[in-house]
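The structure under discussion appears below in the form of structure tokens.
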């Protein structure tokens, strides 16, 4: 997995609460057996019209957000299904960071397996970013080591993250390789059960 | 005497393989259910790293999400076909048992687990599907995982999981006549919202829960994820034990007697403390219908759609939902015209659900202009229903009678609702586009769906005399 240490990029604001995984990636794209190539289907029903053309009234399609790599959204982002196709689509589209006041549990843990940093900030901090990004170009830097989000104007916000997930992302570790070093403990547990 | 514990702590502590400061617990997984949609990339990961499935004996696969429910021998969609073939090849290569599309054990993964006796109290159960919470009805810790975690469990039979916070969802009193388990869970989510369970494992307690059958308990636990909780469970009792006894994978003879004692001892101790408790009065709950685009957006059938001008929370969300659903503020729920009725899904496609729905429509006809469909949850449910003659009741009324699968709950196969049309659905999610692009879903109980099919719109099922009670 690609490591994540820090990232600076353009913010795309999507000011809606409860954005569910069916919106992030609709079911018709879950039939594929690959991990790659889901970016073009991200927010499919919002981004494209019935004929498959990009809609000009959905903000992700606006010219000013084309290079965005930091997605900022409302409460409970990623609620609904466990489909990892959701973070796959977000990552493949080009986002490295998702900032929201809260995340759904399964989506949150799925992000860490795919080199995406989910950043939980206070509601008012998210609103501040949202206002600025909706009003004009907004760039943010996100530093995982220091657990801080900041911009060039002196604005900053810190965030919490547990040590385990932090180390996993900082080092780009493959979790299974790490767990396999506990093979003896797993075998001992199994022997004691049987 | 030791400290009183919740069932959640008891099961969790029995499954910790390794614990250390600064890390989540390494949790052992007793049962891993697999389906065609969220597993191909996981098996591919194993292959790329020359890894094997550690415990094929604790892994069980089926096909449910994109299987056709009609003409099973001809799968028209080449991409779906490829995904199903990939599961067959993967199960063959890695030695995993598979109930494929023609197998008598085939069905929705959360329906066949309990049916086959794979689901048992005290187990840790995972599946690459968020409705894995269903199995919590047996007093198991059961939760949905992503594909990377599927690969992790296949390879190590464990997961790194932070110990959960515990929440008691206490249901006081009893549900009124004609009010169902589905109405209860919808009312809970309407009252407390779609994320109040986030970060928690919930235990449902109280008289109304104890009164419920195992099928009804499964309906409640199934929708825990719609409240944000990865898992929801119910302490085992005699009903739980009776349901499991005699099933194919259940312990037999003396082993069963021993297991039974252990299972009953898992129940939450008197005086155990939860991190959080919410309460709801069952006797105040009415039959529910969802009007919006998330499961908390529902009201009693006798009520009206809310007005964004007068709501106190998420005004924009309400406005957007009404626009998507094509509803007017203050429009009575009973006035919504329906075009589709779907009875199915891991929430409400067990035999008991089909019996209840059939009872409402026996001798009646589906309303003109409504397409109504029943999709049994498993091959076994379908067969038992046919033995009882339920299929005839449905088809004579004008319902389509299909083969088992997830079907119109998420429309991965051909069973979809066209844009702009309204569907009364016994499923679990009313998200935008869930049942088809532009589809307008209303979540309801099987009884409500059945009656809506006959009337063409929602009515209070409590005032609706079932065929059995009708005076001829």
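Each residue, glycine too, has its Cβ placed from N, Cα and C.
Keep in mind that TrEMBL annotations are predicted by a computer and have not been checked by a curator.
The number of other Cβ atoms within 10 Å of the Cβ belonging to residue B:409 ([4Fe-4S] cluster binding site), over all protein chains shown, comes to 29. If you look up TrEMBL, you'll see B:346, B:406, B:409 marked as [4Fe-4S] cluster binding site.
According to DSSP, residue B:346 ([4Fe-4S] cluster binding site) is assigned to coil rather than to any helix or strand. Remark: of the binding-site residues B:346, B:406, the most isolated position is B:346 (fewest other Cβ atoms within 10 Å of its Cβ). Neighbours of the [4Fe-4S] cluster site: apart from B:346, B:406, B:409, residues of the same chain with C-beta atoms within 8 angstroms of the site's C-beta centroid are B:64, B:65, B:108, B:131, B:344, B:345, B:347, B:349, B:405, B:407, B:410, B:427, B:428.
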